[in-house]
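Asks: Pulled the feature table from TrEMBL, pasting it below:
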| type | residues | note |
| --- | --- | --- |
| TRANSMEM | A:12-36 | transmembrane segment |
| TRANSMEM | A:56-82 | transmembrane segment |
| DOMAIN | A:56-259 | domain 'ABC transmembrane type-1' |
| TRANSMEM | A:94-115 | transmembrane segment |
| TRANSMEM | A:127-156 | transmembrane segment |
| TRANSMEM | A:185-205 | transmembrane segment |
| TRANSMEM | A:240-259 | transmembrane segment |
Amino acid sequence: MSRRSRSTIGRLPLVLLLPALLGLAFLLIPLVGLLAKAPWSTLPSRLFSTDVWDALRLSLLCATAATAMCMVLGIPLAWLLARAPIPGRGVIRALVTVPLVLPPVVGGVALLLVLGRRGLVGQHLDAWFGISLPFTTAGVIVAEAFVAMPFLVISVEGALRAADPRYEEAAATLGAGRWLTFRRVTLPSIAPGVVAGAVLCWARALGEFGATITFAGNFPGRTTTMPLAVYLALETDPDVAVVLSLVLLIVSVVVLASLRERWISGLR
Amino acid sequence: MTLHAEIRVARGEFDLSLDLTVEPGEVVALLGPNGAGKTTALRAISGLLPLGDGRIALDEEVWDEPPRTFRTPDRRPIGVVFQDYLLFDHLNCLENVAFGLRARGVDKHAARAEATRWLDTVGLSSYARSRPRSLSGGQAQRVALVRALATSPSLLLLDEPLAALDASTTLHVRAELGQHLDRFPGHTLLVTHDPLDAMVLADRLVIVEHGRVVQEGRPTEIARRPRTDYVAQLVGLNLYRGRASGNTVSLSEGGTITLAEPASGPVHVAFPPTAVSLYPEAPSGSPRNTWPATVTGIEQHAHTVRVRLTATPAGPTTLLADITPAAVADLHLSPGQPLHASLKATEIHTYPV
């Protein structure tokens with residue numbers, strides 16, 4: 001077995017092998033650089049400074065709230081795309097994935113135009129309920145949810161398509177209505193897809209920068225999440241930027257490890 | 001309470017049009033080849049497929065009558081055993097059986113107690129905490145059966161309930177299923193392509209081909225007097241149509257058969273393959289119903305060999321004969337071989353078309 005795989009590698013064309021190794025190095029060396037440049041001696045004191053701690057706490061809170069929002073809205077949307085006989089489903093699916101490819105800054109601008117104090121919806125929110133989203137923590141959550149929701153929808157829709165709808169029929173013959181069937185049969189059967197989607201969604205929300213800074217601004221303790229803090233720190237105290245980046249790197253690696261290959265099957 | 005179903009469903013090229021009635025306590029088997037529309041009929045009755053036209057009603061309670069009335073499956077008093085059972089893998093056996101009761105509003109403790117009792121009736125109470133995935137085929141079938149029965153449905157629908165089992169367990173599970181169906185007071189509709197399942201389990205057979213009922217009746221009646229080639233093949237008889245005049249039937253496919261008892265008019269002619277004997281030379285005295293024949297196929301059955309022959313132009317186009325393996329050896333049978341086939345007139349059964 002091992003001899004055969006060694007001989008296979010030996011026969012790999014150099015023209016593929018060389019760029020492949022370069023690509024790998026290109027992806028990994030910046031991360032190694034981050035580790036090499038870390039101010040290890042002063043790391044603990046910097047790590048537990050209130051600025052870092054506030055940013056981390058805010059980031060975790062907002063990413064989690066955004067993920068919850070995405071699940072409440074995104075799972076039913078995925079169900080609609082996968083199961084409901086609606087016309088123009090392909091177009092709707094394409095629209096849902098727009099935030100995936102849209103530059104996040106553009107998303108932030110769009111959110112400002114709609115939810116800003118004079119925006120299409122924002123003016124009514126302000127007038128009727130006294131709610132103003134821009135430049136608040138709630139605004140951070142909205143911005144992150146906007147950018148991250150497609151990850152959840154795509155993953156859950158894939159899981160729904162792979163699930164056998166005949167189990168839902170079996171539930172119906174046992175007397176379960178649509179909602180009960182969804183809760184007790186459909187949702188448990190797609191749980192791995194939902195978990196994978198939620199983790200991806202959460203990771204995307206955690207790293208969100210462009211839409212957040214555009215829509216929610218940069219107010220320490222209120223809207224300054226980790227990525228924003230990294231960007232700020234880079235101009236004032238690069239060592240802090242490195243520490244913050246390390247923390248985000250560790251969180252990312254932990255997320256990746258917890259998913260292993262699962263997210264791939266969740267997306268398919 | 002009688003179930004009346006006039007099922008009219010059109011799906012592209014295929015259209016299904018069949019009328020069914022099932023009396024309380026009766027087990028009716030819908031028997032037919034693959035693609036005959038059996039499963040479509042079952043889906044229509046269970047509400048998984050709305051009727052195109054027609055009516056389904058349990059006594060005065062109308063379940064489906066387009067375009068006015070349609071009850072979704074969860075609002076029909078039914079239990080369905082699906083071909084591959086469709087047990088919920090994220091629930092254990094007890095929760096699977098309790099699912100229907102919970103869905104119909106029974107509280108958790110009562111539902112669990114009832115489900116435990118049901119599992120006990122099929123000897124699976126020790127598997128209450130097991131996942132369906134870990135069960136054998138026969139056990140999964142029994143869990144599926146009690147899951148369907150637990151809600152005390154008026155109508156039990158079984159879709160090929162034994163098809164997913166291997167041959168060694170089928171016999172046992174079929175016998176056990178028969179006992180449960182005997183005890184079940186409601187209506188039972190069984191869909192199957194296996195004549196043995198239908199004959200053993202059902203009180204009445206409804207035979208469906210190409211979306212139409214071609215014959216219905218008690219199993220003994222069907223086994224004696226098949227009306228289509230498909231049914232004749234199911235029950236293992238040679239079947240022909242022809243016009244009888246005295247002791248002679250002129251077959252519609254050509255050739256004649258001589259009867260022991262006179263008949264008249266259009267008739268079915270049926271006889272078992274064991275009534276046919278094969279000889280290398282024309283038998284002496286040349287009795288009636290002896291034809292030169294050619295072997296077209298040979299199949300090994302359990303303890304006999306079934307020989308497919310053609311006896312045109314004097315006799316039937318296709319003819320099945322069951323002979324012993326010893327006779328096969330004596331005759332040195334091979335396809336294309338010319339022989340003489342002889343049919344005992346006393347074993348021929350005729351009945352009007």
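Glycine is no exception: its Cβ is also placed from the backbone N, Cα and C atoms.
Can you tell me where each of these features sits in the structure?
Replies: Tertiary proximity for the transmembrane segment (A:56-82) is limited to same-chain residues at least six positions away from its ends with a CB under 8 Å from its CB atoms, namely 89, 92-93, 96, 137, 140-142, 144-145, 148-149, 152-154, 156-157, 160-161, 182, 186-187, 194, 197-198, 201-203, 205-206, 208, 221-227, 247.
Residues of the same chain lying 6 or more positions beyond the ends of the transmembrane segment (A:94-115) and with a Cβ under 8 Å from any Cβ of it are 77, 81, 121-122, 125, 133-134, 139, 142-143, 146-147, 149-151, 153-154, 208-215.
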Asks: Which sequence positions outside the transmembrane segment (A:127-156), separated from its termini by at least 6 residues, show Cβ-Cβ distances below 8 Å to it?
Replies: 58, 61-63, 65-67, 69-71, 73-75, 77-79, 81, 96-100, 104, 107-108, 111-112, 115-117, 190, 193-194, 196-198, 200-202, 204-205, 208, 211-212, 214-217, 219, 222-223, 225, 263, 266-267
